[in-house]
Amino acid sequence: MDLEFLHTLDVQILGAVAVAVVAVVVGAVFLFSSKKPKVCLDPENFKQFKLVKRDQLSHNVAKFTFALPTPTSVLGLPIGQHISCRGKDSQGEEVIKPYTPTTLDSDVGKFELVIKMYPQGRMSHHFRELQVGDYLAVKGPKGRFRYQPGQVRVFGMIAGGSGITPMFQVARAILENPNDKTKVHLIYANVSYEDILLRVSCSSIFF
């Protein structure tokens, strides 16, 4: 009788230990997955992102801030790559155009696009009509180039007008990484001083 009791007790203890081990493993997996940022981009399918803020920087340039699904989500865009944005032109026809966000994955919960809107631009029309609360269809990442810290000793950049955004993305990633010793040289041209995009942002990271 005592042996049967001890055997039953051992089985109960082993069962309790097994349950505890499973609980610890499940808890650890949940904790790890909850801390890992959620990547939002899909390279095959367009996903909708809500416009939460629009700042008019000049008569034809605006900064659009889009919310990600959660405050800890990241866009998931590798440095050096871009996204495809889908909209409709003034005739209601679909148009797709590439853009480079000025934010990095260190900017959690959102991404920003600085857009210069041209009078006859097809996608420019879509952004002119875009209001807070509207959604933008985005797909990505796109592009062949992907920057890795320390990839080159010196990074030379030449840009004009709205072409500053991909340069800004790479330069910011380099200059905000204390372990990346890459030197950055930028030549940036515009028609006039008023046309210079990201004046304040560029000054803060380059000077």
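Cβ coordinates are placed from backbone N, Cα and C, and glycine is handled just like the others.
Small disclaimer: the values here were computed from a predicted structure and weren't measured.
Taken straight from TrEMBL:
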type: BINDING; residues: Pro98, Tyr99, Val114, Lys116, Met123, Ser124, Thr165; note: FAD binding site
type: DOMAIN; residues: 44-148; note: domain 'FAD-binding FR-type'
type: TRANSMEM; residues: 12-32; note: transmembrane segment
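Cβ atoms within 8 Å of the centroid of the Cβ atoms of Pro98, Tyr99, Val114, Lys116, Met123, Ser124, Thr165 (the FAD site) belong to the same-chain residues Cys85, Lys97, Leu113, Ile115, Phe127, Ser162, site residues excluded.
Counting every protein chain shown, the number of other Cβ atoms lying within 10 Å of the Cβ of Tyr99 (FAD binding site) is 22.
When the Cα positions of Pro98, Tyr99, Val114, Lys116, Met123, Ser124, Thr165 are compared pair by pair, the longest gap among these FAD-binding residues is 17 Å.
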